[in-house]
């Protein structure tokens, strides 16, 4: 566990403009700032992609949550809407003069039936301790680790923080239950950070089970490149996929089976926005990390 | 029950380009036409909005399923993509020379948790008899009647037919269970039409319970016109809404209650595409029709 204090926190919503849960919560926090006030913290609420939000689209020119790699943020040749907005967001969260945010909470939703998923910014012990604490508070929550090499996400702007990813909910829809569940987690995070700053330790775990993402899996395609199958109805987010289990079913009724020896756990199954990225699901490996 | 035969049937998918269930089924039927072959029927499968399908959007210029009013189809001044496409579809389904289709099955999906809903083209006894038969076959299916004055829907191109509306499924997602359930209903419809043409009567009912739509309900809005509340989590599609029941919950935590005396049954609750139409849900009246 790192010892420095966490003084500035950003709560970000609408990184994807049609994921309304985060948009609604950030607007709520802007209107009722007392909700996110904590004694030892300065908390900023930020709508990341205003134009995409206004148009109820994931993005205008390019997925904003793939625009934060360091070399892209410093490339003046990148002038698409999201490319410029990523630089603005970096300047807001980490201004040249003054202190930057220590912790980022980026609020997302998914059409996958993933329930509450915490995606720590990285495997920093602090991030994992917090994730373990959140799982204690919401036992059905899962913890998912992204690709270690990938620094293109908004959450990468700070070493500490996480993405909160909740589903299933359709793009462009506010589901009151999902909004409430997300808000509860935001408050748990702020309470944890505040308690820690004030020397109080909230309950922790000695180990945590996480899902480490391994690789993206595309849909089967016909010779012309068109998607030719659906995810098989027996396949579920976070459930083990073993050799011989059904994976896809084609429109001609042919079942595609999983044929690798290693058991994996699919996540982001049928995330609508991943179709254009040629991703039907992401395989992950379940593993235990000692804290 | 009308006595004339039904000889030509159109199965339409992709009237809304991001409702993939119908798109996938029509593509499947185009590839395996034997699936929709019936002895006494000529069955045509049609993708209604190819450009919107290619772009995974509901529509390009204007909602295609609001473009079929007779005065619009004959208005040469309407030249948007969907306005022109509506005229093309009319020419395909009802050519100037040759016979038109007698029955239209228009396949849709919704982000609302409505399950299987049959929306007859109108209250023609034939349409209602068929809907009652489908409900016997799939007892959780519901029957919903649209506005009698509204002839803007694709299904309005024929007196006989129905929309098949299944949910919940996010836009841009294929859910194998929902695709299968929709396909089963298509086959039941074709079997029914074929049996009737051949003088065999499939089981029928003497009455049917339907949900007659009454009016669209907008979200509560703040003085600037922005949506200020979510549908209350206790409100459910097809369940009775009585005086005093919760209707919306605002972001400041205020509950809005239903304050009319008449019990209504909301449908299309949280349909994503209706947000821009200023519709949070549609109230319907449950009623029994003697056949």
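Placement of Cβ uses the backbone N, Cα and C atoms for every residue, glycine included.
Pulled from TrEMBL, these are the features on record:
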type	residues	note
DOMAIN	A:6-193	domain 'Succinylglutamate desuccinylase/Aspartoacylase catalytic'
BINDING	A:16, A:19, A:108	Zn(2+) binding site
BINDING	A:58, A:65, A:66, A:165, A:274	substrate binding site
ACT_SITE	A:165	active site, proton donor/acceptor
DOMAIN	A:207-285	domain 'AstE/AspA barrel-sandwich hybrid'
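Structural mapping of features recorded in TrEMBL.
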residue: A:16; record: Zn(2+) binding site; Cβ contacts under 8 Å, 6 or more apart: A:49, A:52, A:58, A:59, A:63, A:64, A:65, A:108, A:273
residue: A:19; record: Zn(2+) binding site; Cβ contacts under 8 Å, 6 or more apart: A:58, A:107, A:108, A:109, A:110, A:171
residue: A:66; record: substrate binding site; Cβ contacts under 8 Å, 6 or more apart: A:152, A:153
residue: A:165; record: substrate binding site; Cβ contacts under 8 Å, 6 or more apart: A:108, A:109, A:110, A:114, A:116, A:117, A:118, A:119, A:144
residue: A:274; record: substrate binding site; Cβ contacts under 8 Å, 6 or more apart: A:216, A:268, A:280
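Counting residue by residue with DSSP, the domain 'AstE/AspA barrel-sandwich hybrid' (A:207-285) contains 3 helix, 34 strand, 42 coil. The substrate-binding residues named in the record, A:58, A:65, A:66, A:165, A:274, extend over a maximum Cα to Cα distance of 16 Å.
Listed in chain order, the residues near the substrate site other than A:58, A:65, A:66, A:165, A:274 are A:15, A:16, A:63, A:108, A:271, A:273, each with its Cβ within 8 Å of the site Cβ centroid. Its Cβ taken as reference, residue A:58 (substrate binding site) is surrounded by 21 other Cβ atoms within 10 Å in the chains shown.
Sitting within 8 Å of the Cβ centre of A:16, A:19, A:108, and not among those site residues for Zn(2+), are the Cβ atoms of A:14, A:15, A:18, A:21, A:22, A:58, A:65, A:107, A:109, A:110, A:165.
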